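Enquirer: Per TrEMBL, transmembrane segment is recorded for 6-25, 108-129, 174-194, 201-219, 257-278, 299-322, 395-422, 443-465, 477-494, 543-564, 576-594.
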Amino acid sequence: TDVLCCVIFVIVILGYIVLGTVAWLHGDPRKVVYPTDSYGQFCGQQGTPNANKAILFYFNILQCANPTVLINLQCPTTQLCVSKCPDRFATYIDMQYNYRRNKSYWDYYKLFCNGIFIFSLFFAVPSVLQRCFPDFITRNGTLTVANKTSFKDGHGKIRSEVGVKIFEDYASSWFWILIGLVISMLVSLIFILLLRFTAGVLFWMVIFGVIAAVGYGIWHCYWEYSSLKGKPDSDITISDIGFQTDFRVYLQLSQTWLIFMISLAVIEAIIILVLIFLRNRVRIAIALLKEGSKAIGCIMSTLFYPIITFLLLALCIAYWAVTAVFLASSGDAVYKVMSTLPDCKYTNLTCDPETFSQSNVTKLCPGSQCTFAFYGGESLYHRYIFVLQLCNLLVFLWLVNFTIALGQCTLAGAFASYYWALRKPADIPPCPLASSFGRALRYHTGSLAFGALILSIVQFIRIILEYLDHKLKGAHNAFTRFLLCCLKCCFWCLEHFIKFMNRNAYIMISIYGKNFCASARDAFFLLMRNVMRVAVLDKVTDFLLFLGKLLISGSIIILCIWCNRICVIQEEVPSLNYYWVPLLTVIFGSYMIAHGFFNVYAMCVDTLFLCFLLDLEKNDGSATRPYYMGSSLRAILNKKNKRPEEKKKHSFVL
């Protein structure tokens, strides 16, 4: 399907390989491997003043955490090539004090000064990847930097290193964090398998809980309204007092509680009416969730397919990053102003490091540096470096979206083979996931590439809009900012709509094997014919899966607290500075693991739902066109399959 797009996709991949090769030939690998100082000179390069200085030293490595690093890919601090890393700690004020007592105190630190810049902070550091980093050493079970846990700032005050303590907590508790993440993976797996039995109970419990909570809110608002009704000054309207920064003022008005009560009553009525008139659709959604658990139980390998997607995405990201770095390292050194001040108007402007110290920039933007930024040139190739970088980004987005589309189509094909098996699991073909993966690559590469290209173009436009928005931050044209904001909003909505349509188009491709446009059209009209069922299923599924993620994260929290109170385990738990460090790490990690498992589950439910709608439209329950849905779905819809012998008996009577 979509052979032309398949051919174009293959040609683009070959061109992408050529682009990477050209970037490798023109870029200097040393610029990627070896460190460069603030003047763009290689550390350790023969024939330069840095010949015997092969290690890069950051004057204040803490500045590398500045947000501007993400834009410029350079730390806004002086970088100097040195022969060895310093093994002593000092501050500028502290050194001035010691210099007055001993003139030779400066001799050691002269090795790490370039005569122009004054350092602010030195860490004792070892050499890692030819760069100086903080020297973390464990002394008597305590993590230290340069054999210290706190430092004098030169004014007599002691500064403890919070980052050091956090690093120490990670170093002491990484094994327990790993155990927590493994447990969260097992809990996610068990939760999905048990969802077939608990989906209905869980959903109705939450629904009735929400109804009860809203009902209590109505009663409380009525009680507050009644108690305030007879009090003086409580009958003043909200419009009379106007806008108040202290919102407690509004709570002293009876009108406020009346508005709350009416709003909650309307919400309660809407929930009850929806449950009354859409109860069958809610029951269908719950039955499909249970059926999804059965499908995953029969095809357990689908839960581990995201690992393949992750590896392919890692390959795409690595190739894009290497190509981008080699393109950026082609040409001569270009220097730009780097400043830690957010309102410096000279930031990112080209500068000359030889004359920068005499310019007004250092006065208007204190602490700014003229730092090496990138490599450029005047040749035809160098003139189009920016265009090549844009091509690199567009193809990268295309490959990433194709990888995601391949995973969605593969999972959809596997779950569709489960649904269209009349006798489950006896009629399910062997190795459904591997077979679906082979079909997607062999027959539908063009269709997947077509859908991925449409999405990539929209994402590419969004990135350009974000870039323009960043450039126009200081603009005073309100209309331009308004127009740009509207465009960003429209393309954000368009991207999410295309993602939704692509997802359903890939499911139809896996079922019927048609091209992308035909599959997208069929999926769109199929969903529009069943728009209420789509809305109910989408919200019920999202709600239950979100609840499951919270449940897994909450259970991990309870487990961590419970284990910490057990005496046997408590003896093994390391002493930590901040117990919230590993706890938050485990909570975030467990939520992301649950999100990965539930993405497969959501794809399963979406596939079964489209198959269910097609089943209702194409089949009538006869022997020649039986329903493929499960018995629970047939019972909800009052549908049943006629047995072959029943048809023969009926024909004989006629």
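Cβ atoms are placed via backbone N, Cα and C, with glycine included.
What TrEMBL says about a protein is an automatic prediction, not a curated fact.
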Enquirer: Does the transmembrane segment (395-422) reach the transmembrane segment (299-322), going by 3 or more CB pairs under 8 Å (6 or more apart in sequence)?
Expert: yes
Enquirer: Residues of the same chain, at least six outside the transmembrane segment (6-25), with any C-beta under 8 angstroms of its C-beta?
Expert: 319, 322-323, 326-327, 330, 381, 388, 391-392, 395, 398-399, 402, 445-446, 449, 453
Enquirer: State the residues, same chain only, that lie 6 or more residues beyond the ends of the transmembrane segment (477-494) and have a CB under 8 A from a CB inside it; answer 'none' if no residue qualifies.
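Expert: Cβ under 8 Å, 6 or more out: 458, 461-462, 465-466, 468-469.
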